[in-house]
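Trainee: Have a look at this one before I ask anything.
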Amino acid sequence: MMPISICFASFIFLFGLGWFCCFWGVYFVLCDLVYFIDWGIVSLNSGSVVMTFLFDWMSLLFLGFVFIISSLVILYSDDYMAGDLNIFRFIMLVLMFVVSMLFLIISPNMISILLGWDGLGLVSYCLVIYYQNVKSYGAGMLTVLSNRIGDVALLMAIAWMINFGSWNFIYYLEFLAGSTEMELISFLVVLAAMTKSAQIPFSSWLPAAMAAPTPVSALVHSSTLVTAGVYLLIRFSPSFSYLLNTILLLISALTMFMAGLGANFEYDLSKIIALSTLSQLGLMIMTVSVGLSSLAFFHLLTHALFKALLFMCAGGVIHSMGDSQDIRFMGGLSVYMPFTSSCLMVSSFALCGMPFLAGFYSSDFILEMISMSYVNVFGFLLLFISTGLTVCYSFRLFYFVLCGDFNFVSLYSMVDTNYNMVMGMVGLLILSVLGGGALMWLICPTPSVICLPYYLSFLTFFFVSLGGLIGYEMAGFNFGDYLLSMGCYSISSFSGSMWFMPFFSTYGVSFGPLGFGYGSMRVLDSGWMEYFGGQGLYWFLFNMGSANQWVQHSSLKLFLGFFVMWIVLLLVLVY
């Protein structure tokens with residue numbers, strides 16, 4: 001009898017636990033229940049350390065989705081990481097990641113949220129540098145240092161909450177909304193969420209984190225690390241002031257636009273999908289900022305399903321391509337890998353908002369509700385243009401990956417992936433098709449009346465169609481030749497490099513301090529301090545010793561002269 005692998009055991013446990021949480025989440029929705037569990041860890045004199053857990057429909061449903069997606073990702077990685085000698089360590093890291101997310105989701109307490117928040121940051125660093133090379137180390141350092149800014153913001157919020165007498169923020173949200181203390185705490189929480197969800201100006205770490213193994217990317221970019229910030233914003237949204245919501249709206253709209261534009265100039269398959277994640281995170285945060293936090297949570301769940309599937313398909317393609325990620329080498333994969341290509345099509349269409357797939361129910365609902373809301377015209381236009389750009393880069397991806405001729409090598413063997421990888425993709429494929437409708441019936445049991453004029457109703461369709469057409473046309477462009485001939489290379493460089501944000505986050509941050517350090521070392525440490533300090537003292541003593549040595553090695557006349565001088569001095573002193 002063969003022993004059960006750790007991947008299969010983890011899959012069974014997490015898959016069963018996920019459906020259990022989803023079942024209770026549905027029950028809590030139908031019965032409108034909220035449970036608080038206080039666990040007193042230690043009590044000393046008048047002080048006590050209490051661990052509080054919050055179980056409501058939101059935390060249980062999100063927890064269920066995290067467990068289900070992570071179980072399918074672990075099953076997928078059983079074949080994907082089969083040749084890895086450290087598979088046990090990898091699975092342990094993924095499980096620690098899930099446990100950190102568990103603490104974050106069910107905690108109404110800032111201390112235990114920080115425990116999960118820091119756990120996510122630390123384990124994500126370990127996973128990004130899993131393949132140990134210079135590029136991974138650089139990406140891991142960028143990831144962990146960007147997230148440390150959010151950790152510090154949370155620590156400052158915890159310090160400020162001492163004034164309230166308790167760190168259970170859930171009790172104060174609506175009671176203290178509008179007060180100066182709550183505005184400050186809300187600002188710090190928004191700063192923390194912006195770093196974790198990679199909003200401008202902290203966006204550069206998200207594509208860099210693609211140095212991690214593909215199963216990690218499927219988990220990180222779908223339901224865990226990047227959605228932690230959105231989840232925290234949803235929890236804190238009742239306390240946000242009008243000014244804070246406006247700032248959040250503009251930053252998230254710019255992030256959506258920047259990511260959608262950058263994905264149309266990108267040739268790395270995994271980075272295109274990472275930028276699409278960034279665009280969808282901007283959509284969720286924008287939805288929170290206009291007061292539709294339940295819809296943002298709805299889109300968070302549906303996005304987790306199809307984005308995990310999209311990353312799994314990308315992993316299968318990269319696996320079969322001999323670890324090449326450049327989409328210009330791909331082509332015609334719909335013939336050689338029909339199942340993976342079908343899953344890629346379904347997940348991409350769900351991302352675009354194709355009717356009756358998971359993404360349609362949430363993204364179309366969000367667009368129509370925002371059209372009915374009071375939103376400034378800048379954010380409104382960026383929202384719809386970004387929706388068109390999403391379809392644009394998806395159609396460009398179809399053209400490069402699925403159509404045409406295979407462009408890699410003349411001798412190749414392209415087959416659909418292994419059994420466990422296929423089973424993991426099948427589970428998410430079913431959820432990507434059926435999950436949106438099921439969630440719609442659960443989260444929105446009473447239908448919302450949306451009353452819009454014709455031009456607003458057809459605006460979404462117009463931008464989606466225009467984006468698909470432009471994406472198909474752009475697929476034939478050779479950016480280098482066309483843009484150089486048109487003198488627009490600077491526009492291509494600016495748009496394709498995330499508005500130069502990776503350079504600002506790396507060279508921009510390190511250039512000033514490193515230049516100052518070099519100057520101070522050259523002028524002070526290796527300059528005047530050496531002249532008056534160690535080297536100067538050394539040369540002074542050296543010269544004095546040389547003079548003394550010269551004196552002691554001189555002729556007899558000098559010694560007789562010194563002798564006479566001492567005798568004369570002695571006689572003067574005596575008489």
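The backbone N, Cα and C atoms fix where each Cβ goes, glycine too.
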Trainee: With TrEMBL as the source, which of 218-236, 389-407 is set down as transmembrane segment?
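Mentor: Going through 218-236, 389-407 one by one, TrEMBL flags 218-236 as transmembrane segment.
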Trainee: Please count the residues of the domain 'NADH-Ubiquinone oxidoreductase (complex I) chain 5 N-terminal' (44-90) that DSSP assigns to helix (H, G, I), strand (E, B) and coil.
Mentor: 28 helix, 10 strand, 9 coil
Trainee: May I ask for the residues of the chain that lie six or more residues beyond the transmembrane segment (421-443) and have a Cβ under 8 Å from a Cβ within it?
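Mentor: Cβ under 8 Å, 6 or more out: 26, 29, 61, 68-69, 72-73, 75-76, 79-80, 294, 297-298, 301-302, 305-306, 308-309, 312-313, 315-316, 319, 339-340, 343, 346-347, 350, 356-362, 365.
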Trainee: Within the same chain, where does the transmembrane segment (57-75) have neighbours whose Cβ lies under 8 angstroms from its own Cβ atoms, ignoring anything closer than 6 residues to its ends? I mean 6 or more beyond.
Mentor: 7-8, 10-15, 17-26, 28-29, 33, 91, 94, 97-98, 101-102, 105-106, 215, 218-219, 222-224, 231, 234, 297, 300-301, 304-305, 308, 312, 420, 423-424, 427-428, 431, 442
Trainee: Other than its close neighbours in sequence, what residues sit by the transmembrane segment (272-298), given a CB gap under 8 Å and a spacing of at least six beyond its ends?
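Mentor: For the transmembrane segment (272-298), the list is 58, 62, 193, 197-199, 203, 206-207, 209-210, 217, 221-222, 226-227, 229-231, 233-234, 237, 240, 245-246, 248-249, 251-260, 262-263, 266, 307, 310-311, 314, 327, 351, 361-363, 365-366, 369-370, 373-375, 379, 383, 386, 389-390, 393-394, 397, 439-440, 443-444, 498.
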Trainee: Sort out the residues at least 6 away from either end of the transmembrane segment (242-265), same chain, that have Cβ-Cβ distances under 8 Å to it, and list them.
Mentor: 183, 186-187, 190, 194, 198-200, 203, 233, 271-272, 275-276, 278-279, 281-283, 285-286, 288-291, 375-376, 378-379, 382-383, 385-386, 389-390, 392-393, 396, 471, 474, 479, 492, 495-499, 501
Trainee: Under an 8 Å Cβ to Cβ limit, what residues of the same chain, 6 or more beyond the ends of the transmembrane segment (304-321), are close to it?
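Mentor: The answer is 65-66, 69, 72-73, 76, 80, 214-215, 217-219, 221-223, 227, 269-270, 273, 276-277, 280, 329-330, 333, 336-337, 340-341, 343-344, 346-348, 350-351, 357-359, 401, 408, 414-417, 421, 424-425, 428-429, 431-432, 435-436.
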